[in-house]
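Worksheet for the structure shown next.
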Amino acid sequence: MKRKNIALIPAAGIGVRFGADKPKQYVEIGSKTVLEHVLGIFERHEAVDLTVVVVSPEDTFADKVQTAFPQVRVWKNGGQTRAETVRNGVAKLLETGLAAETDNILVHDAARCCLPSEALTRLIEQAGNAAEGGILAVPVADTLKRAESGQISATVDRSGLWQAQTPQLFQAGLLHRALAAENLDGITDEASAVEKLGVRPLLIQGDARNLKLTQPQDAYIVRLLLNAV
C-alpha cells in the first residue's frame, strides 16, 4: 500500500524577531501572504496528498487562508512551542484517520516560502521510504566563531556540520513517539526529537534558496526569489 505524503505546517508562532504588526506568516509579499506562498508549493506538488496547517486557537487570520485554499485543513490546536504544535497536529492526523502510522509527515516552516519544487521532490524520493526519515539540509559554508562576552573565544571546525532546513520527513508513528515526552525543552526541530530515540535521520541536499524569513531584511531577498520563479 502506497504511503501518503502529508505536509504539516506549524503556524502558531508570532515571529517576534521579524518585528511586524502581525505574525510573519501573514505578512504579504506581493499579492499573497507568506503562508499562502508556502501552501501553494505543496498544493502544486503531485506527490503531496494532503496539506494541514496548525495555527493558534486565538488566530484571527486563518480564515483568509481557508478561503484561498479550501482543500487545505486548517486546525486551531497549536501549542505554545513549535514542538507542541507539531505534536498536536500529528496526534490529530492519527486520531482522525487522515494519517496511518506509516504515512510520511513533511513538517515545513511557515516562514520558508521559497522552497524549490525540485528540493521537495528530492526529499520525498530519497527519504520517503526510509524508516529513519530525513531532512533537507545544506553544508555550513561560512566560518563559525564561538562567542563569549562579545568576543571570539574560538573558531569552530565546520567540517561535517550541516545547516538544517525543512521539510523534515518522518513516518507519523515515529514522529508521534518522538514528540510524546511531556517536556519538549530543547527540541528545536523534528529531527532533534527523533534523534533522542536513537534514530539517525538522513541528510538530503537542500537548497540555498530555501531560506527562512526571520529578520525584516530577509523580506527583500524573498521578494527577489519569488519574482524569479
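One is the number of the first residue shown, and numbering goes on along the chain from there.
Note that Cβ sites are derived from N, Cα and C of the backbone, with glycine treated the same way.
The shown structure was predicted, so the numbers you read here are calculated from the model rather than taken from an experiment.
Feature annotations, reproduced from Swiss-Prot:
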SITE      ARG17  site 'Transition state stabilizer'
SITE      LYS24  site 'Transition state stabilizer'
SITE      ARG158  site 'Positions MEP for the nucleophilic attack'
SITE      LYS212  site 'Positions MEP for the nucleophilic attack'
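Overlay of Swiss-Prot feature records on the structure.
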| residue | record | DSSP (3 states) |
| --- | --- | --- |
| LYS24 | site 'Transition state stabilizer' | helix |
| ARG158 | site 'Positions MEP for the nucleophilic attack' | coil |
| LYS212 | site 'Positions MEP for the nucleophilic attack' | coil |
Could you check the recorded sites LYS24, ARG158, LYS212 and say which one's CB has the most other CB atoms within 10 Å? LYS24
Could you round the CA separation between LYS212 (site 'Positions MEP for the nucleophilic attack') and ARG158 (site 'Positions MEP for the nucleophilic attack') to a whole angstrom and send it over? 21
Between ARG158 (site 'Positions MEP for the nucleophilic attack') and LYS24 (site 'Transition state stabilizer'): CA-CA distance (Å): 31
